[in-house]
Amino acid sequence: MASRAFAAVFAAVALVVCSSVLPRALASDPSQLQDFCVADKLSAVFVNGFVCKNPKQVTANDFFLPKALGVPGNTVNAQGSAVTPVTVNELPGLNTLGISFARIDFAPNGQNPPHTHPRATEILTVLQGTLLVGFVTSNQPGGGNLQFTKLLGPGDVFVFPQGLIHFQLNNGAVPAVAIAALSSQNPGVITIANAVFGSTPPILDDVLAKAFMIDKDQVDWIQAKFAAPPAASGGGGGFIGGGGGGGFPGGGAP
């Protein structure tokens, strides 16, 4: 009897500990187990992230990216925006540190189109100009989705929760600049329009026509807009959103 009681208590304690630890473990990048783990881009080993470079071969340059955010991005594209990312792909020293950075430039009326970061929360501050920003919640119990939006000026800060669709729009007459930080070394980005209408191979017309309640001809017309390469279709790819092309950094979105 005593052993059964002990087993029951042990199981209960283990359940409580696991329930408190697992959410934190699953909700962020893996925790570092050493001072640093500089990404070894030359390794042929595939892991969740990057394997570590030999510490004896690490130099200060592995943690340094000169003038990374000092040069304005090219906003001459369909979306009128450009993203300059600083993720583990650009700065190997970020590996296992759970953070990344980006500069977003906006032409007048330019936007970072609706997109989501599946692996990160984003916090953004405006350096120049004004931005209309917002995010949309997941499906609500009673149906529908809520939108939270705000007009930001220089020095204002706004946060976009992990995984939720969000956007930024320069509704001013002058260029705008913002800086974003994200809670992952590699946040990922899904640009909604690109993913839905520009996937390879394309999603079936029947699926999209029914989902958007439009005709198949209209689906074909929209899909044709996303058939061009990212450089031609605008927005680029990238860290933040991307305009008529896909990606985490590059042309349109953190």
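Placed from the backbone N, Cα and C atoms, the Cβ positions cover glycine too.
What Swiss-Prot records for this protein:
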| type | residues | note |
| --- | --- | --- |
| SIGNAL | 1-27 | signal peptide |
| DISULFID | Cys37-Cys52 | disulfide bond |
| DOMAIN | 67-220 | domain 'Cupin type-1' |
| BINDING | His115, His117, Glu122, His166 | Mn(2+) binding site |
Tell me, how many other CB atoms lie within 10 A of the CB of Cys52 (disulfide bond), whichever protein chain they belong to?
20
Tell me the coarse DSSP state (helix, strand, coil) of Cys37 (disulfide bond).
coil
Of His117, Glu122, which of the binding-site residues has the most Cβ neighbours inside 10 Å?
His117
Packing count at His115 (Mn(2+) binding site) (other Cβ atoms within 10 Å of its Cβ):
29
